[in-house]
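> What follows is a single structure, and I will ask about it in a moment.
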Amino acid sequence: MCQETPPRPRAPSRWTPALLALLALGGAGLCHASSQPGYHARPSARNKNWCAYIVNKNVSCTVQEGSESFIQAQYNCPWNQMPCPSALVYRVNFRPRFVTRYKIVTQLEWRCCPGFRGPDCQEGPKDHMKTPRPPSARPKNNLKKATDTDPSQVSQPKKTLSPTNAVEPGQVADAKQGPPELQQSKVQVLEEKVVRLTRMVLDLQSTVVGLKENLKHTIQDDGRKEPDSWLGPLHPQPTPDSPLAGDAEPSQLPGIPSSKESGMKDIKSELAEVKDTLKTKSDKLEELDGKVKGYEGQLKQLQEAAQGPTVTMTTNELYQAYVDSKIDALREELMEGMDRKLADLKNTCEYKLVGLQQQCDDYGSSYLGVIELIGEKEASLKKDIADLRAQLQDPVAQPSCCNGQKSSDFGPQIKALDQKIERVAEATRMLNGRLDNEFDRLSVPEPDADFDARWTELDARINVTEKNAEEHCFYIEETLRGTINGEVDDLRKLLNEKIHSLEDRLGIVLQAANSSDVELTPMGPALPEQPGAENEQVLMELSRLKDKVQVVEDFCLQSLPHGIDGALPSVEDLTHVSLSLLESLNDTMHRQFQETSHSIQKLQEDVNALHSQLNHSECTGTYLQNGVSDSRTGDSMEASGFTKTGEQERTVGTVPSPGTPAAPCCGQLEERWQKLQNQMLAELDTCKESAHGVQSGVSAIEGRVFQLEQTCRRLDTISGSLQRIKEGLGKHVGSLWNCIRQMNGTLKSHSRDISGLKNSVQQFYSHVFQISTDLQDLVKFQPSATEEPSEATEGPSGKTPLESTRPSEEAPTEPPRLTPLPEDPAGPPQTGQQPVLPQRPLQPPPLPAWPGRTGLPFLPGSSGVIMETGEAGPPGRMGVSGRGLPRGVDGQMGQGPIHSSEGYAGAPGYPKSPPVTTPGVPLPTLVSFSAGLTQKPFPSDGGVVLFNKVLVNDGDVYNPNTGIFTAPYDGRYLITATLTPERDTYVEAVLSVSNASVAQLHTAGYRREFLEYHRPPGAVHTCGGPGAFHLIVHLKAGDGVNVVVTGGRLAHTDFDEMYSTFSGVFLYPFLSHL
């Protein structure tokens, strides 16, 4: 709905009559805001002192800006029911909202042509007219000058002279024109056009006179109509194809008289005043409308603040937000619970480890005490046995009187005892070794050991112990209950028997007492002789019986109220009895241990006594041996004859006989040896019992050691399987690394090939660009020979002044099209180019590889240089380019000095020389980078974004620590960046090149001034999606490129996910260096 006119770049020759007609009528004012002279009228146009220029104009447009809600009242009436109920239904509907916007359009405006000046553009550069001119007044602008706020400022084109007073074309021509034949032909053409246009102007003047005559009648008839309708016949309606736009106003020609000119001027002045008034009113209305809209916006904000925030999200977004919040809360709760659980488990493990360490220390100390005790006992036993063995060896070796059958029986027993003691000592040593190993293992807790199995084993053992204790308690309780019940039953039976016996005896006594008087005489012999003593005895017996009966009665009376069950002990009593029994068992075991220790001490004392007795026996044996030796000497003396009666008697009286004095000694020794044997047997039984207890403990320890060995074997198997798994994983990882190395090598080779292809393509592009530049130069230097006579006003030696003042405007705006390469790969590659001037081949270009290049670009990886020489092609056919120049299509860079229907064959091209590297310019290499953001980009609210995750960094041109890409070469670079804000926020960023802003980005969109939008301050920012930079920039070597965030919040995650990226690639070097 924009009120605009399509722009026209320039008025062609076929529009000249229409332009002249509109000029004759006065023309219509056109908008001339910010005029830009870009083009001028053709030289053959009539009245060349006025020219149409292209200008820009601000126009107002009504555009749709969203929608607004309104409440609509509806009657809830059924179909065909005339008496409709009065109940109204209010519904909320939406309608589009339109606002007024401004835009810039391009239109035409009349101004003085170049070379003309003056108020009416009638003064030319060399205007020496001798004929007088009538005064030509500048057409007045009847409309009021527009203010700055009015975008449609109107200006009228100037009036032109009559055809009779027009300046001839030959008067404006320059003296340095072409030959007279061309000028004469051009003048003839112009004269014909002037005659034709003069005839058309006369017809238009007659039409205007008729219109003015009809104006008088129209004003009289339609005086009550609006003033705008009065000028309806005078305003020509613009058409879409019309070169002009706007309201046309009538203009009086100077040669035509009018009687109503003053009235028309008054009407125009009144119309202008009315328009000004309406414009003022409309401005005020617009201002008032803006204020009302501002007040409405403020009222809406107040209502929203009073009612609370309105829901602007959809149902799915609300559900998604609710689910996200719940998931976040659940995640936080799970993490907190896991942290607490881990902390509790850690504390529990530490507490259990401390308890286990303490328990191991206690076990170690107790085991050490047992080891010391056993060692002491073993040492003492070894010492005693050694002493006993040393004492027994000497008497056994010497012959004595006691060597008999019993001594021969006592030797094997002593040997058996020694063997048993040896076995006990060996078992004790083995037990000590095992205990030492166990203490060494338990004293130092293993940090990597798995205590779960041990805790499980301890729990199982504790459970088994508790179960056994409970079963034992139940067994003791049942046993005690049965025993107590049996004892009570026996007691009751015994009491009943005694009571029955007492009753019987009492009955007998009473019966005897009663019958004592009647049967006194027959019983007299049976009674004792003393009646007093008998009575006393009976009374004593009766009193004793009474006492017993009283005791039994008291006992029965005490047990009767409680019944039989009352006499039984309760569970607590039984438990107490069980505890007392256990304590008694423990005391018994302790007492037995003490008794064992006492018996061992007693055994030691007996051994000492035996030692002393053996010493005494040895003394006795020595005495007996001396006596035997004396008796032998006595016999020898008696045999030799030296006998004396007194000496023989003394010898016989002194030396006892072998039978008489030796018998009591041997009897005492036999008794002592019997006592010693009995004592040793008793001690041996005690040692056996102790050995059985130790053996049971050793068997328990062996069972535990066996369980540990089984657990270790299982752990060994598990560790072996884990080792095999580890080895398999190591082999698999090694194979994967080998594959990765192979892939890296393949990628490197592919990268080299791609880089070679890329360099070749860049070199080909540079060659094509150079060829297009050469073609443009050729087009500029070639003369034109196909223009019409009306346009061929310039000679081969120069141009007209008008064209010399604007050399840049005559250049073609589009580059010439290049002939594509032949598709046949077998044929020689040729490039269709423009023929050059004759002088151009004499001066080789600075880079001769491009004009005469006939080969294809370098292939990747080729190291050699292809040297080819262009051959002369066949004659080319006539081809017309954009500027009318002939061109040999099939020939190569040949010469075309003569314009004919058929071109000559092209000359051979220049041989290709190797490219010359510009000194001081490094050869470009592969440069590209790509990085993403996975962490917080900067510590503060804004700054340079540090894209930390580098994906590609060829050439090491990007520094993730600073977030800056440094260009290594001069050339063109493609820079891209994608920035994603957090939800419900925005991001405002700048792409900076060498600390200079190149592009800006705001994800919420660009925001204009509030005066233009009529929005109140404090409007809410509209959040948008991600934003991106994507542009090609020219960078010099050493320039730094980075992304700077100036507002908002940039999204980042902690899970190695990229939402924002920054990339760049080197396209090609700067063309001036190639």
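Glycine too: its Cβ is placed from the backbone N, Cα and C atoms.
The feature disulfide bond is assigned by Swiss-Prot to CYS51-CYS113, CYS77-CYS84, CYS112-CYS121, with sequence analysis given as support. Residues annotated as coiled coil in Swiss-Prot, with sequence analysis given as evidence: 181-218, 259-345, 374-394, 533-554, 582-620. Among the features that Swiss-Prot reports, compositional bias 'Basic and acidic residues' is placed at 219-228. Annotated phosphoserine per Swiss-Prot: SER636, in sequence order. Residues annotated as domain 'C1q' in Swiss-Prot, with sequence analysis given as evidence: 922-1073.
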> Sort out the residues at least 6 away from either end of the coiled coil (374-394), same chain, that have Cβ-Cβ distances under 8 Å to it, and list them.
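Contacts with the coiled coil (374-394): 414, 418, 421, 425, 428, 431-432, 600, 603-604, 607, 610-611, 614, 618.
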> Would you mind reading off the Cα separation of CYS84 (disulfide bond) from CYS113 (disulfide bond), to the nearest angstrom?
75
> Between CYS77, CYS121, which of the disulfide-bonded residues has the fewest other CB atoms within 10 angstroms in the structure shown?
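Candidates: the disulfide-bonded residues CYS77, CYS121. Fewest Cβ atoms within 10 Å: CYS77.
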> Give me the CA-CA distance between CYS51 (disulfide bond) and CYS77 (disulfide bond), in Å, as a whole number.
68
> Write out the long-range same-chain contacts of CYS112 (disulfide bond), meaning residues 6 or more apart in sequence whose Cβ is under 8 Å from its Cβ.
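Spatial neighbours, sequence-distant, of CYS112 (disulfide bond): ASN49, TRP50, CYS51, GLY118, CYS121.
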> Which number gives the other C-beta atoms within 10 angstroms of the C-beta of CYS51 (disulfide bond), all protein chains shown included?
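CYS51 (disulfide bond) is surrounded by 23 other Cβ atoms within 10 Å.
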> Taking every protein chain shown into account, which of the disulfide-bonded residues CYS84, CYS113 has the largest tally of Cβ atoms within 10 Å of its Cβ?
CYS113
> How many whole Å apart are the CA atoms of CYS77 (disulfide bond) and CYS113 (disulfide bond)?
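Between the alpha carbons of CYS77 (disulfide bond) and CYS113 (disulfide bond) there are 73 Å.
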